[in-house]
Amino acid sequence: METQMKDLNSKPPVMPTPTPTPTHPPSHDDSSTKDDRPLLKPESTESIHEMEKKYAAYVRNDVYGVMGRGELPLKEKLLLGLSLVTLVPIRVVLAMFVLILYYLICRICTLFSAPNREDEQEDYAHLGGWRRSVIVQSGRFFSRSMLFVFGFYWISETYRIPNSQDKSEAKNQPEEPERPGAIISNHVSYLDILYHMSSSFSSFVAKRSVAKLPLVGLISKCLGCVYVQRESKSSNFKGVSGVVTDRVKEAHQDKSAPLMMLFPEGTTTNGDFLLPFKTGAFLARVPVLPVILRYPYKRFSPAWDSIAGARHVLLLLCQFVNHMEVTRLPVYNPSQQEKDDPKLYAENVRRLMATEGNMIMSDIGLAEKRIYHAALNGFLGQC
């Protein structure tokens, strides 16, 4: 699949880039890049309709309205009230049971075992034998169980060969594709993580604080998460990008090593758009596996775009049924030109995913999301 992109005849439309004024020069395009551009002050004179056009990738279009705080019809209020007193308590109890049970399994499997420590990271993903097998298999089962508790009773999975792929090229591909070093996915919700845990039990990039959380901290170490930290404590510290690159290479070369699961957009959208990819996932110059996630909905959108986390979880638990669709593309083998240019590699994978997932390519990013959130808070605060 070296030249999957060269025959793409239909390119997804690209949204125009808003032009917030930065106070600092753009930082390096990297998986650990932090965007420190300032927030928009609430006294913006833009109307909410103008903002929705400019920041379309973060706009909610479900019945709950802007930031999940819109006026609901009577029928929706009744359904919400009914689920609050019946469905939500049951799901909360079941979710806690699943989380605690898996934590206990992880605790037992890691007893008397020292975690792997390298470059100021700490994980149990390099355990071998029955311990690792139990952690992985039970982790996949309980992740799927958690999604079931949240109302994802069925998940539609599709394996697709891109229309742009040359047939003669497909015939020349080996029957057993080269092992990818990382899974590349669009980012719509925190639910994405549960799905990827259930399907591949891959490692993620997470904040350092996650490692210290009760219950979740140990589970993240068993996943082999790469923790983001701002400052280095050792002179030979590689940084998150260096650690991720090494882990991607290791996963590519060693079948027993955990795959890296990376969201190169760097933030979540409403699922209809695909933001620019950071290059951190592509610096290893090894094949990647593109996966596209969609959350079809009728009432509440599971996308975590412009809604507070607590409100999102509560409304999600109130939905009797939620839906998820997964599209898996073939392993993407980079050409030599893409290996030499990570930005080109990232952009070609992004364009392929946008085309096959019927998503709109947008040029906005995390800074614009912060601007939109600040503007919405100011707008709604004046209502």
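Cβ atoms are placed via backbone N, Cα and C, with glycine included.
Per TrEMBL, the feature compositional bias 'Pro residues' maps to 13-25.
Residues annotated as compositional bias 'Basic and acidic residues' in TrEMBL: 26-45.
What TrEMBL records for 181-296 is domain 'Phospholipid/glycerol acyltransferase'.
Among the features that TrEMBL reports, region 'Disordered' is placed at 1-45.
The transmembrane segment feature in TrEMBL is assigned to 78-105. Proximity of distant same-chain residues to the transmembrane segment (78-105), defined by a Cβ-Cβ separation under 8 Å and at least 6 residues beyond the stretch ends, is recorded for 72, 134-135, 138-139, 142, 145-146, 149-151, 215-216, 218-219, 314-315, 317-320.
In the predicted model, the domain 'Phospholipid/glycerol acyltransferase' (181-296) shows an average pLDDT of 89.
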